[in-house]
């Protein structure tokens, strides 16, 4: 009745128990509740046993009533067993849930931490670089994140799956909070995962965009820098400005042409700058300076280029102005001299009367005044010539300047002499006429005038140029004075004669006059000399002054150049200081020079003051220039000084802050080095965390400093000199590396401190709570020490104490957990203080627990004794028996005590406590026994029940004591077993960890067989060891199974866990070992197989090479079927070779070792194509480009042999296939050609033209490029083939022969139409008149005049020739007739051939009087002019723009001109003409002819070609053999002739096969230019284009002066741009031509 309600209630409680939770703490709580439930059930075990014992006894006493009792106790027992089973299942479920929860939460926290670290790194990525290589590295780093994510993918998927299962098990997030927490964790993990993927993709896209931008920018930047530099070099290399205006004009035009090119670069510059701006915006802060610097350099180069061009233009303008002034002045003086010479010559002879002489003297005076002005001009010219000669270096230019001037001086001297002579004659005439007084007056007048001139002359100073002009004027005056010397003497002589002849006063007057005259003459002479000396002195002074100015200017220019060419600033304080000191020295010199500058300026002002205001002077300009230069240099010095001071302060500041930061880093590293390990004591660890937080704040405060340092360092890196940059770079890298390490260590320490805090907090909280409860319990035990005397109160106290003991038992698991946690912390700690403190805490807890347990037992005993002494013997006895019943299940033999080492230690501790309690109960038992004896002895009542009770007590007590001893023995055995299991498991795990390390990091397998076999032997030894360790595994698992068989429920999970781990680890290592074994075995097998394959391939290649060589020696049969059979056979061989290709690749790939470059993606072994369709030729250079691919180089000589053999056989096979295909093509062409019928071909061609809606006339005009009514044979063939009409070159050769009726190598329109329309009589010249008309029209069509030579038919055999071009507008009526197929013209009394007549009368054909310009107008290429340009040796050959420039039609202008000038040496002007690469397969009519056509004889009649080349392209005419040419080729005879021709071709082809081929044919075949004649194939077009390209390379188009239209702002590199400047006097040096052609 008591048990049944409890059983029903317990069953209800079990059914209402919640499902295992998801959170670890909740699970721990559920486990604790479950443990209490198990203890409660275990406590009821004695009652169930008692019921089961009493029930059968009652059944024996009363079978009737006992039946219902039996039902009850059986039902109760069954229900109790059911409850025990349910509880056991619940325990297993909780264990599994605990395991899953622990794994899930631990793993999800780990993966979240990893993902958060990754996402944090991605959210703060390193700045994008501007350099392509660094961007590639960043892309690689970004891809590594994806690789890391792929590694985490399986764990991520497993956790997602497990989390979903846990949520599903809990019943959904709505019902369970823990499920919601799991869902939140999962969602957070998924969000971070997807966020990482997004960030990685965004980063990659950004990096790729920036890389594309950077590649474009740097490529364009480099190209533009090179172009700019080349252009600048070109400008600098141009010759100095000329002295001839025409030369300067040409140089200006050249400069303008360069300007056009520079302007064309402007767009590219803008584009590059825009790209740079985009790149600056896209890249990170550290890389922005390098892009800015590059753009600045580009702008600087651009500015310097423009400056160079502007300087050049200024120089040229100045030179032009000087040259024009000089030339104009020279011309003006020459003109005046010519006029003056004429004027002087036309002067009348000296008169005989006074009036005439006077008039002539006046006339001469006026003439002399004019001559005086011109003489001044003459002096100026001399001065200009001197300046020009200073600039000139070449002798020819010196002569250009000097020769006219010398000539002018001679003429002038002659003129001057004549003037003086006339003057003397006139003065003599005056004197002769007795006009002494008049002569004296004239002389005095001249003296007055001269004195006036001398007194008018103002003092000059300052400008040497002005002084020199004054000197020149004075020189003229002095010459005039010296010229009057004879006059004065003559007058003196005449006067003296008169004085002698006169007397008295008249003689004295005359004498006085003569003295006055002589005195004035002497004054004039003195004044003249003084003025000369004065001017010379002034000139010397001015030159000295200007010399000083020039010296100072030169020094300033040098200083300025030095400042402009200053090297980059110093990045280190020492370098910057040195630079600043050096600059300060320059500044000091500048300060010293300032005094000179001031004195010069003062002198200049004084000179300016002395100079008359109206005088022309350069002093002012020189002073201003000097002032500007001085101020400019002063500004630049100041700027440079400021820059250097800033650089010094920046360098000092950077290095000081860097030094401070390094000192702080060292201190921080020391702080981290000396920092103690994270403590596991809560107070200590909290203190450590506070310290760490302070330190972390300090580190974070230095983050800005490192960023600033990096920024400044980057600036210094890009703007400092190279040697400083290296040091700064290394310092920055070192500091950044140390900073990152400090930050990393800081984060790691923070993480470890946080982890320690969590553990310490968990332990501390558990310990504190338990200690509080124990202290409260101790207080309550101490306060309840008083024991009542009343039995009822004692019973109440005993019941209360039982409750207390229950709660104490409930706390036992908490005590165990806390104890275990403390011990694990103690094992993990590295600090001695922590160890001591944890020891103290655990000891304190243990002592307190033991104290409480002891006090509890003591109080129990006291209460029981009190109950006993209070007379409640029965109650005391019952309490003791109940206690014994209660403890008996715990000591039962079937109670498991085995498990892991921690659990067994706890059980031993608990058992020791129980033994203490048992020892204390001994006194109670003794007391009870004593009381029982007393009762039995003193009681008169029936005391048998007492005996029975005591007997039961004794039995129970002895049983309990025996069980206690037994349990202690079992516990000792369990401890020994647990220790042994623990040691075996850990030893095995350590060995497996080492083995796994060895297996996982074994490196790449070697290619050497011996080494591989050694590795296999070593691995076999390892496998033996592993098998030996299997015994240890079996031993450990069997021990684990043995422990599990009798394991304590709390340890089942742990033991199972260890067994699973060792099995899994062993299986994992075994799998690794087997995998490695398989790899080794497969590698060895592969090596052996490859070796066998190598030998097999070599053998096969040897056979193939021999076979191919033998087959090559055999003649190819002449039957198509046999050739096809050979081709099929060879194709099967090629297919077999292709099948072997992968084997060769496989063998060579193993041994391949590149010399330097990484392996290319494409195989080096040539791939063979299949089938007849692959008959295209592969030139060897395409397969094995020289130098572009590194050759395969291996250690194995057999592999090298294989590669070379394979290539050799492959080339032989290709050559064989080519030969067979060529033979087949040739035979098929001949077979088709054997049945060739021109009529069928013509009809097919006309149908094709109709189908294309084309007209014959349009097609002919399209081929006839120069519209002269005729085309060459080759143009005809190429035109038909290029029109895609299905025919072959062989057929076309025959067709061309049919079209060219007269066999002159040309097909005119009439021949073209007549061949295609044979039935149209209108096109058939039958009568002589028709023939004459055709021939006249044909000959006249050759006229190249601007106004074509006209001929008009008047009647039969009568023509009017209009000779209006050269002989006036005359018309001549001529009779014309045909004589032996030659058209003759009646001239005078005889006949002349028409072509001869036209040669004489048509201007463009007239020999010896050819108008070359007129001819060239018609025969030059489009856009060409008449000038001749120097040959450019390295330019790219341009394609001929028209047939006029084609080698097939005419020769180049230069060669024609050369031959016109020197016909004796024809070979010099003839370009070499190469053999066109075509094959003439057995064409007998082509053996003596070439593909090129002759030039028209009428166009170049005197042209002769040297026959040394062996290719008479220009001289020979293509003629068919007799059987294919001539008049027989008309419609009626066509088919018969063609058939005959074909049969002859077959016989001749057979002969040709026997004769050896020409040396050139082999080369032609190798070049791969075979003309495929398959109808409808495109190979023919390939051959045509190839021939055209060869022809275009044969003879370059004549270079012209007219520039080609500008296609793009920047000309393509490598194309020669023709110069605009004709050079009439001198040719440019070769080097300059090379440069210009390069440009």
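Note: Cβ is positioned from N, Cα and C throughout, glycine not excepted.
Curation does not apply to TrEMBL; its annotations are automatic.
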Per TrEMBL record, range annotated coiled coil [choices 309-353, 354-398, 399-443]:
354-398
Annotated stretch (region 'Disordered', per TrEMBL) among the listed ranges 1425-1477, 1478-1530:
1425-1477
Between 164-191, 192-219, 220-247, 248-275, which stretch does TrEMBL give the note coiled coil?
248-275
Per DSSP, the domain 'EF-hand' (1251-1286) contains 19 helix, 3 strand, 14 coil
Model confidence over the coiled coil (248-275) (mean pLDDT, whole number)
87
For the domain 'EF-hand' (1287-1322), DSSP counts of helix, strand and coil?
21 helix, 3 strand, 12 coil
